[in-house]
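Undergrad: Starting off with a structure, shown below.
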Amino acid sequence: MARWLPRSTNLTRFCQKLNRVKTLEDDMMETSFNRCLSTIDLTLLGIGGMVGSGLYVLTGTVAKEIAGPAVIISFIIAGFASLLAALCYAEFGARVPKTGSAYMFTYVSVGEIWAFLIGWNVLLEYMIGGAAVARAWSGYLDSIFNHKIKNFTETHVGAWQVPFLARYPDFLAAAILLVATAFISFGAKVSSWLNHVFSAISMGIILFILIMGFVLAQPKNWSTQEGGFAPYGLSGIMAGTATCFYAFVGFDVIAASSEEARNPQRAVPRAIAFSLGLATGAYILVSVVLTLMVPWHTLDPDSALADAFYRRGYAWAGFLVAAGSICAMNTVLLSNLFSLPRIVYAMAEDGLFFQVFSRVHPRTQVPVVGIVVFGLLMALLALVFDLEALVQFLSIGTLLAYTFVAASIIVLRFQQQKGDVPAPAASGQPNPEPHEGPSGGELKEYESFSDKLQLVDRDKSKEQREPGQLKAAFEPYLEFLSDFYPGEVVTVAVVTLMVSAICLCSILVFGNTHLYLPTWSYSLLLVLFSLGFLLSLLLIWAHEQQHSTQTFQIPLVPLSPALSIILNIYLMLKLSYMTWLRFAVWLLLGLLVYFGYGIWHSKENLREPRPQRVSARYVVFPGGSLEERVQAVQPSSQPATGLPDTDTDDCKR
């Protein structure tokens, strides 16, 4: 039976395949896409992705059923929480100006299988999201015409009562998706121009709503006679924050478009900051005027803004609100259809998904195969499926992507940049078995030649510490960590931090309601996992990190990404068990695709050198200059014959 068990070397090699990272090109600005998008284009794409139907529906729903007028505070906290994730995307978008968004960011820092699973979840997220918005668009337009479209379809086509299928086929939703797909396939410039038109109309109507709303505002609607400003207390505000957080989902379209930006190092961070700031301001101000126009407990959750104007005697304003809602939903549709094919392209270009999706049209310079195929799939979803039960699935995919991007920021920030020396010790102390070279210096030893083998001045390497090495101030207290290679301790600490965050959030969410823990054990577990989280954070902070002035960097690393991680995990655990069950099924399907196709066709798999039976070690004798001598050293377990004589080989920097 033992012979059927995998050998440790094979298991190690298999794990290395799963966790290999993407090799980036030297010139990351080179692309088959058309770099034509400016900062304004990216900003409007981000606004279009965030300010959708939620502005017209979500504000009224949260105000009436969850938080009251304190929905304003909920949007402020949700905006800050989204800012933590958005800054992580901004740094990655500036450093790695390639399409793929969270998939690409995870691939270059964490590993291949994790990147594939993130990309796999984002695919479903965009498909369900686009189809759901199309059905909402259809329903909103149908309600303007007193549901004549729905009644006509049920009468002449028919209705059915089948689980997971819609009650009737929504031809209007499918049609708007097909039209949007056609426009997206014409190229990034056409898509951007169309988004400009709808965004301009939407922002103009929002401005009208704000001006008229403040004119009609009545401060008494926040008085204690109407229930006060926060009738549901702090718990209502936090519950509202969890719901409002999803209103800001959509800024990742900017990161997905970075390969088509003219100057991504500057445009991506600015566009993310501007779009998130404008979207947050819009949500907050609309919430203010909505709850000041009419008492919060009388709001209509389905059409709060239109109903508020109608009750104040301005029924004509309801048509403007409806037009603004439709334009806003159009921008969300364009955002979904714009991002989805580009993420599919990135996965196919890396060999992890079917190669046909990596084709770029020579004239329009867009992945037209991915646009057409996934546009048709999205239209099919909107046509026949009941998406209400699947909408919550959007949340878990987005939050998982945010979590991995935040973890990737920490890992990448404490890694050595390309071309740095992978020295195992930070203290400058000699290796455990030092050998003296011809000049009396310390020997530097490498396993093989690679692009990371750089010969640098020995004195300079002692003075300047590389990213991932222990800070000098902590060396007397954590000297045992100096034997690890740069970045190894940080990677382990990030894993520990995420495990501690999962356990801590699980106790907070399920400790009293599902686990029924006694007070003493509940408190003890909270303290233990909190200590684990904080100690992991301190251990990461005790190491040197990269400092770059060329591209944007998120401040307060590792604190900012760590806060984003624990917040995203907490919100994921608040989702229903059916959402997690569907998520597990989708993950299993993704693993079948990866192990059946992706792992074998990965470009990183083709780059890996073939295993060789003969191994050699190289010892570099330091000289007095930048020129050093390299000798081949035969391992003691093998005979010395059969190896090339490299005693006189020289390696120059």
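Glycine too: its Cβ is placed from the backbone N, Cα and C atoms.
Straight out of TrEMBL:
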{"type": "TRANSMEM", "residues": "36-58", "note": "transmembrane segment"}
{"type": "TRANSMEM", "residues": "102-123", "note": "transmembrane segment"}
{"type": "TRANSMEM", "residues": "171-190", "note": "transmembrane segment"}
{"type": "TRANSMEM", "residues": "197-217", "note": "transmembrane segment"}
{"type": "TRANSMEM", "residues": "229-251", "note": "transmembrane segment"}
{"type": "TRANSMEM", "residues": "272-294", "note": "transmembrane segment"}
{"type": "TRANSMEM", "residues": "314-338", "note": "transmembrane segment"}
{"type": "TRANSMEM", "residues": "366-385", "note": "transmembrane segment"}
{"type": "TRANSMEM", "residues": "391-412", "note": "transmembrane segment"}
{"type": "REGION", "residues": "421-441", "note": "region 'Disordered'"}
{"type": "TRANSMEM", "residues": "522-542", "note": "transmembrane segment"}
{"type": "DOMAIN", "residues": "552-602", "note": "domain 'Cationic amino acid transporter C-terminal'"}
{"type": "TRANSMEM", "residues": "554-573", "note": "transmembrane segment"}
{"type": "TRANSMEM", "residues": "579-600", "note": "transmembrane segment"}
{"type": "REGION", "residues": "629-653", "note": "region 'Disordered'"}
Undergrad: Which one, 171-190, 229-251, 272-294, 522-542, 579-600, has the most C-beta pairs under 8 Å toward the transmembrane segment (554-573)?
TA: 522-542
Undergrad: Mind checking which residues of the chain, 6+ beyond the ends of the transmembrane segment (229-251), have their Cβ under 8 Å from one of its Cβ atoms?
TA: 46, 48-50, 52, 54-55, 58, 61-62, 66-71, 73-75, 77-79, 81-82, 86, 89, 222, 272, 275-276, 279-280, 283, 296-297, 332, 335, 394-395, 398, 571, 574
Undergrad: Which listed range (36-58, 102-123, 314-338, 579-600) shows the maximal number of Cβ pairs under 8 Å with respect to the transmembrane segment (171-190)?
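TA: Per the Cβ count, the answer is 314-338.
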Undergrad: Helix, strand, coil residue numbers for the domain 'Cationic amino acid transporter C-terminal' (552-602) per DSSP?
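TA: Computed counts for the domain 'Cationic amino acid transporter C-terminal' (552-602) are 40 helix, 0 strand, 11 coil.
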Undergrad: Under 8 angstroms, Cβ to Cβ: which one of 36-58, 102-123, 522-542, 579-600 has the largest number of such pairs with the transmembrane segment (197-217)?
TA: 36-58
Undergrad: Across the domain 'Cationic amino acid transporter C-terminal' (552-602), what does the pLDDT come to on average, as a whole number?
TA: 91
Undergrad: Hey, would you say the transmembrane segment (102-123) packs against the transmembrane segment (314-338), going by three or more CB pairs under 8 A that are 6+ residues apart?
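TA: Counting Cβ pairs under 8 Å (6 or more apart in sequence), the transmembrane segment (102-123) does not reach the transmembrane segment (314-338), since there are fewer than 3.
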Undergrad: Taking 3+ C-beta pairs under 8 angstroms (sequence gap of 6 or more) as contact, is the transmembrane segment (272-294) in contact with the transmembrane segment (36-58)?
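TA: Between the transmembrane segment (272-294) and the transmembrane segment (36-58), contact is present.
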Undergrad: Take the transmembrane segment (391-412) and find every residue of the same chain, 6 or more past its ends, with a Cβ under 8 Å from one of its Cβ atoms.
TA: 84-85, 88-89, 91-92, 95, 101-102, 105-106, 108-110, 114, 118, 121-122, 124-125, 128-129, 132, 246, 249, 252, 487, 490-491, 494, 498, 540, 546, 554, 557-558, 561-562, 564-565, 568-569, 571-572, 575-576, 579-580, 582-583, 586
